[in-house]
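Q: Handing you this structure, nothing more for now.
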């Protein structure tokens, strides 16, 4: 095609493209300004940007009761759960950030330079003793799962759970009987342990014996300090945390968020992964997940909007996690089923306690090849508990 023919095909209006682009840019700027005033000063009147951005609600009633009615009548098929320390507090494990009762508020006896130093890798390498003293207090086996943990297990038993993402290092999710492949421990756990020097792996039983004997866990091969595979500040998150969400959220129709401040990245970013028609249920003591000033720059807000006029899919139950899941189970007609699961699984845990004390490590290998979990295969991220 000749250059002349190409020119003839162009619509005559393109001769004013420069002025059109300027007008579009001006409109976009004004729209951003309207959103800013709408979000920060509640201004805008009939031109309020929130009204312009309204989208049809995923379900008609976004109250907790309306959500429960929808679940009971229509159901969900692919549920993802993401949880934090708030689901373990009723088990006796403190969360990290609550003023007064949180873990970071009660570390004075360890004489740390700052509270978060107990999970700081540089500090650990210089002085590991405070961490292991705390680990003895928090070590798995001293606590049992909560109703919130067992609710997740019930979702899996019903074939509804796609994946369970947890910030917690307490392994209570595992104790419910939830299959390992369903769990992504974003911040690691006490389940496995590695020498900081040679990367030799030690199992949970070995580490527990060392901690409760008040010995600094030392590698039997190179005498380096052995550390639980908990993600400290500056360490890598598990590779599965980065590789699984694309698949997990592709067909996710419900995201349940429980017991988390949604302040720690990259874990908190999971709330942004579901598609726009996926409902998001928050069960939490405090209102979290809402942006302060950033969303006015983004018309496709991805923060939680459960008390906003432009909310299309977010539901909140503000209270403790156990009360939330029990209320939901009752509304769904699962109350007896959940209670039976809790009772039967607790009986199993209690029955296994004497066996664990008498059973030697003979059937389980305490060590494994360090190459199996080489840190070079993980993505580098700065994370915290």
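Yeah, the Cβs are placed from backbone N, Cα and C, and that goes for glycine too.
TrEMBL does not curate its annotations; it predicts them automatically.
The feature compositional bias 'Basic and acidic residues' is assigned by TrEMBL to 1-12, 361-370. Among the features that TrEMBL reports, region 'Disordered' is placed at 1-26, 345-385. Summarising the annotation, TrEMBL assigns domain 'Deacetylase sirtuin-type' to 57-335. The NAD(+) binding site feature in TrEMBL is assigned to 85-89, 95-97, 167-170, 260-261, 284-286, 321. The active site, proton acceptor feature in TrEMBL is assigned to 187. Among the features that TrEMBL reports, Zn(2+) binding site is placed at 195, 198, 219, 222.
What's the neighbourhood like for each of these?
A: In the predicted model, residues of the domain 'Deacetylase sirtuin-type' (57-335) average a pLDDT of 89.
Its own atom aside, the Cβ of residue 198 (Zn(2+) binding site) has 13 Cβ atoms within 10 angstroms in the protein chains shown.
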Q: Check the Cα-Cα distances from residue 85 (NAD(+) binding site) to the recorded positions 187, 195, 219, 222 and tell me which is shortest.
A: 187
Q: Measuring Cα to Cα, how far is residue 260 (NAD(+) binding site) from residue 222 (Zn(2+) binding site) in Å?
A: 39
Q: Which of these binding-site residues is closest to residue 168 (NAD(+) binding site) if you go by CA atoms: 195, 198, 219, 222?
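A: Spatially nearest to residue 168 (NAD(+) binding site) by Cα position is 195.
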Q: Given the binding-site residues 85, 195, 219, 222, which one's Cβ is surrounded by the fewest other Cβ atoms within 10 Å?
A: 222
